[in-house]
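Q: Before I ask anything, here is the structure I am working with.
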Amino acid sequence: MAFALARAASSRASHWSVKSFHSSSTSLHGVKHVGVLGAGQMGLGIALVAANVSKLPVLLLDTNEAQLNKGMKFMDSLLKKDIAKGRLTEAQAEETRSRVKTTQKMADFSNVDFVIEAVSENPALKANLFRDLAQATPKHAILASNTSSISITKIAAAAKGREEQVIGMHFMNPVPVMKLVEIIPGLATSNDVLRTTKDLAVAMGKTCTVSQDVPGFVANRLLMPYINEAIIAYETGIASKEDIDTTMKLGTNMPMGPLTLADFIGLDTCLAIMKVLHEQLGDTKYRPSVLLNKMVDAGWVGKKSGRGFYVY
């Protein structure tokens, strides 16, 4: 990485770096042990912030051992950079690193209080994972999804008997740097779960906004059509990719151009979100660009693959 429940919702009402500080709200959330599902860039960032900022023990789960090892090496490199820049002492970095454990078995989530799922934007995959999480986690545990576009109510329906404890917790990338967490209660989400999720996000050093459970929520409901329209402008020859990006950077004061931003997000992620918007809202203005589809088919998905609109 959304929004008929307005009354219910209102009543419930550039580079990576690690920042370390203690939040005065840490004692409010009541969470003692966090589980993070998925050791990709988002999951690793969430685990790092939970361990470093809110000082909580974290269990990072990924069925792919190589991905787990890659993620932990990346965490080590981030901590070393912050030591070198004087943001952390070696002792503080070691304390943070010691709080993060890894596993390949969901059964090891039997003692966590709060799980944050951070896998790819695949509705079927998330449904299967939340079905399993409902069985593997303690009955009191809150089950949060980092989805950027998929219905929380639909995800919660897979967690039979635990629907009140499912909520959306949409972090922005890169997690240690970006200040916002977009929180999305589903139709069944309880007020207590919403409150605890807000408190935990604040303890992680984040500012919270609350969105209704509609496709794309707020951030991607606005951002993805903007990126998609930029791709269409390039596809139809309105301007070069460099001129599109420069126009938006210098003409509208955006920190980076839309095509560069798409590369950093991942074109596969952009396409997945646009498909959700198009399918669930049924409006042709959300139709994914033909070029976006072709680039994903080619494997040119942006910075992570070495090639997108630009070569990395």
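Placement of Cβ uses the backbone N, Cα and C atoms for every residue, glycine included.
Sharing the features that TrEMBL gives for it:
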- G38, A39, G40, Q41, M42, G43, D62, E121, K126, S148, N173, K304: NAD(+) binding site (BINDING)
- 33-213: domain '3-hydroxyacyl-CoA dehydrogenase NAD binding' (DOMAIN)
- 216-312: domain '3-hydroxyacyl-CoA dehydrogenase C-terminal' (DOMAIN)
- H170: site 'Important for catalytic activity' (SITE)
Q: Looking only at C-alpha atoms, tell me how far M42 (NAD(+) binding site) is from H170 (site 'Important for catalytic activity'), rounded to the nearest Å.
A: 10
Q: Please list residues from the chain of G38 (NAD(+) binding site) whose Cβ is under 8 angstroms from its Cβ, counting only those at least six apart in sequence.
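A: Set apart from G38 (NAD(+) binding site) by at least 6 residues yet with Cβ under 8 Å, we have L61, D62, E117, A118, V119, N146.
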Q: Rounded to a whole number, how many Å is the Cα of K126 (NAD(+) binding site) away from the Cα of H170 (site 'Important for catalytic activity')?
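A: Cα-Cα distance, K126 (NAD(+) binding site) to H170 (site 'Important for catalytic activity'): 14 Å.
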Q: Over all pairs in G38, A39, G40, Q41, M42, G43, D62, E121, K126, S148, N173, K304, the listed NAD(+) binding residues, work out the largest Cα-Cα distance in Å.
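A: Spelled out: the longest distance between any two Cα atoms in G38, A39, G40, Q41, M42, G43, D62, E121, K126, S148, N173, K304 is 22 Å.
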Q: By a simple count, how many Cβ atoms lie within 10 Å of the Cβ of M42 (NAD(+) binding site), its own Cβ left out?
A: 25
Q: As a test of the contact definition, list every same-chain residue at least 6 positions from G40 (NAD(+) binding site) whose Cβ is closer than 8 Å to its Cβ.
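A: Set apart from G40 (NAD(+) binding site) by at least 6 residues yet with Cβ under 8 Å, we have D62, Q67, G71, A118, V119, S120.
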